[in-house]
Amino acid sequence: MINKQNNKLGWLFASPYIIFGLVFFLGPLLWSLYLSFTNWDLIAPEFDFVGLDNFRKAMAAPGVQSAFWVTYKFMMLFVPLVTAMSLAVAVVIQGLPKFKSVYLIGFFLPYLSSGVVASLIVQGFLSYNSPVNEFLRGTFGINIDWLGSPFSALFIVGLILAWKFTGYYALILTSGLESIDKEVYEAAAIDGVSDRQRFWKITLPLLYPALYTTLILSFGVTFGIFTEVYQLTGGGPNFATNTWQMEIFNQAFTNLQAGYASAIAIMASIVTFISIFVIRKLLESWGKRNGWV
Amino acid sequence: MKKSRVSLLLAITLVGGTVLAACGNGGGSGGQSADGVTTVEFWAAPNPPQQAFWQDMAKEYEAVNPDVKVNVSAIKESPSSEASIQAAIAGGNAPTVAENINRGFAAQLSNSKALVALDELPQFKEMVESRNMAETIAPWEFADGHQYVLPIYSNPMLIGWRTDFLKEIGYNEPPQTYSEVLEATAKLKAKYPDKYMWAKGADLADPTAWKRWFDFFLLYNAASDGNKFIEGQNLVADDKAGVEMLTFVDDLRKAGGILAQNATDPFETGAGVFTDIGPWTFDMWATKYPELKYGENFTLTLPPVPDHMDPANAKTYADAKGLVIFSGAPEASQQAAAEFLKWVYANEENDVKWFKQTNLPPARDDLNEVEGFKQILAEKPELALYAEAVSKGVPAMDNPKFNELQTLIGQEAFNKVIRGEIDPQTGWNNMKKAIEGEL
């Protein structure tokens, strides 16, 4: 009797999120899945069922193929960068005698900032006639097209994202560091453990749960990159920074192909799901192999 | 940046749109409130002078037609004005009228049966006659023989030249042909290695479809003497002119004359010597770059042409926009909108007011004849050049796939030539193949 009542209460408390999820996630997902088999443009009163045509077209499209690979390129750049930066910030802040929260808030602020504004500032900073480039040309005689070459464009976007997310992940890692029992470090100090050993043998294993969280989050970020790319490069040069979200946007809101864009969105969801699943398994096996979990 | 924000936006738009469409009145013969007032929802361009003009017109019209209410608001530009209109139509919340519609987008909309064929409205003929725009509107006819857009203005894009820099390298007049431009580039680079002949920032290397209007079509229309690029579902581009034009761009690049990297106002700040200029620029310059004065340090010409052509008769791209009436709006509102537009355009003083407020040349056949226009053109000599060039402007293609097609122009040919990644002939051939595949 009590169990049944508890169940009802549980459902009641969970219902707002369940309803929200059904209305704003599951419903649109199913509708999008249906549309991916049509040629609807969102406006026309009639549309046709086109079977798998949208998926076939997407598989062969350079924009979709580039989105697939660019995501992994961003991953290889962004994940190590943001992990190293957030870990460094967390370790430094944890070692501070006071005002830890103030510093953490300072690093967290970029996460709250507008991606559009940050991108526009970077754009101005890197423009041909910015003081930075005037200085480089005047002093060293070099002219760098920061957003016009594939690698540097990718790097700049990755750097902006790392700047934005470092504080957020540092917050998670700091709480992980705070939860490590100080006595473990004291015992290690008595045993004459070096700083390097202390980090690799004590800090990292005990930080693993927090690190696992930030790694999964950062891998996830790379599948959702849009604003910075939209503002800075438009997916160029030559698709070098074209992401899934950019491709979906272009097809849905520029070319008005809602059916085709839905097919790309479904493909992006499947790729994201499989990739995150594999990454999660690899991270878990890394933890298990080292005896951290 | 939030994970899957675009996917979520797309999904919510899809579902929300459908649900709202189901809840909407779906057209029908509504549009009148219980007190007999018909409402016209008018979406103006997100440009303050244009909004102000339509708000004034609405106020004046309502004063003499109390049974009509014209609500003027700006088209939302997030994520783009086209996407806002698309979402509004899908959601059953489309306005009655929208301005700022180009031929390409109108083709997309008409293809989806979202627009009223204006030529079927009883007010259309009178409107065209009273506004004296029969010749101007003729090339706006769509492939199905209907008129879906009432052109408001037509801007033949001109090339702005920094005459102060040209004088320093020995030119009193801007170069007009490809050879002359290349010769001037060599002289410019010799004197100022850091300056460029054509500096438009990253736009030249960006495949975004609309950007091709202001570089590719500007030069292609001049090189081909206005030969159409797409007709109906066929690519009818002039191959010789296209390759000639791309070769000029390639030669200019090789001479170090093109700046295709991100730059802030390169023409205005003196990094470049020429760029495309529209008449909307002058108001911005008046506040941001007051030192730029027509006749003193800049001048305007038609685009450069191949050596064998006459520069004085060069064609150019016409940035032309117009009004459309949406088929999803209630019939009473559609009729009221047509009456409102007929009233506005029956009085040429309204077009004079428009020209004065916006600097955008009204799409009329008598721009150089009406006294009011003449007066404005005398006060602003730079605008007179646009008025003179109206007949040389070639409007955008009316293909519903214009976005995809113009993106391919950039991706396959223009952007690659700009970056020196492909030779002009191969780029042109690749572009043709890709466009023919898309068509």
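Heads up, the Cβ atoms here are built off N, Cα and C, so glycines get one too.
Annotation comment: TrEMBL describes A:68-279 as domain 'ABC transmembrane type-1'.
The transmembrane segment annotation in TrEMBL covers A:12-34 (among others).
Long-range Cβ contacts of the transmembrane segment (A:74-96) within its own chain (Cβ-Cβ under 8 Å, at least 6 residues beyond either end) map to 103-104, 107, 154-155, 157-159, 161-162, 165-170, 173-174, 176-178, 203, 211, 214-215, 218-219, 221-222, 225, 243. Summarising the annotation, TrEMBL assigns transmembrane segment to A:74-96 (among others).
If you look up TrEMBL, you'll see A:103-126 (among others) marked as transmembrane segment. Within the chain, the transmembrane segment (A:103-126) has long-range Cβ neighbours (under 8 A, six or more residues past its boundaries) at 89, 93, 96, 132-133, 146-147, 156, 160, 163-168, 170-171, 174, 227-228, 231-232.
Annotation comment: TrEMBL describes A:146-163 (among others) as transmembrane segment.
Residues or ranges marked as transmembrane segment in TrEMBL: A:206-226 (among others). For the transmembrane segment (A:206-226), same-chain residues at least 6 beyond its ends with a Cβ under 8 Å from one of its own Cβ atoms are 71-72, 74-75, 78-79, 82-83, 86-87, 157, 161, 165, 169, 172-173, 175-177, 179-180, 184, 243-246, 249, 268, 271-272, 275-276, 279-280, 283-284, 287, 292-293.
Using a Cβ-Cβ cut-off under 8 Å and counting only residues 6 or more beyond its ends in the same chain, the transmembrane segment (A:258-279) has close neighbours at 29, 32-33, 35-42, 47, 50, 54-55, 57-58, 64, 67-68, 71, 215-216, 219-220, 223, 244-245, 247-248, 251-252. If you look up TrEMBL, you'll see A:258-279 (among others) marked as transmembrane segment.
If one looks beyond the transmembrane segment (A:12-34) by at least 6 residues along the same chain, the residues whose Cβ comes under 8 Å of a Cβ in the stretch are 262, 265-266, 269.
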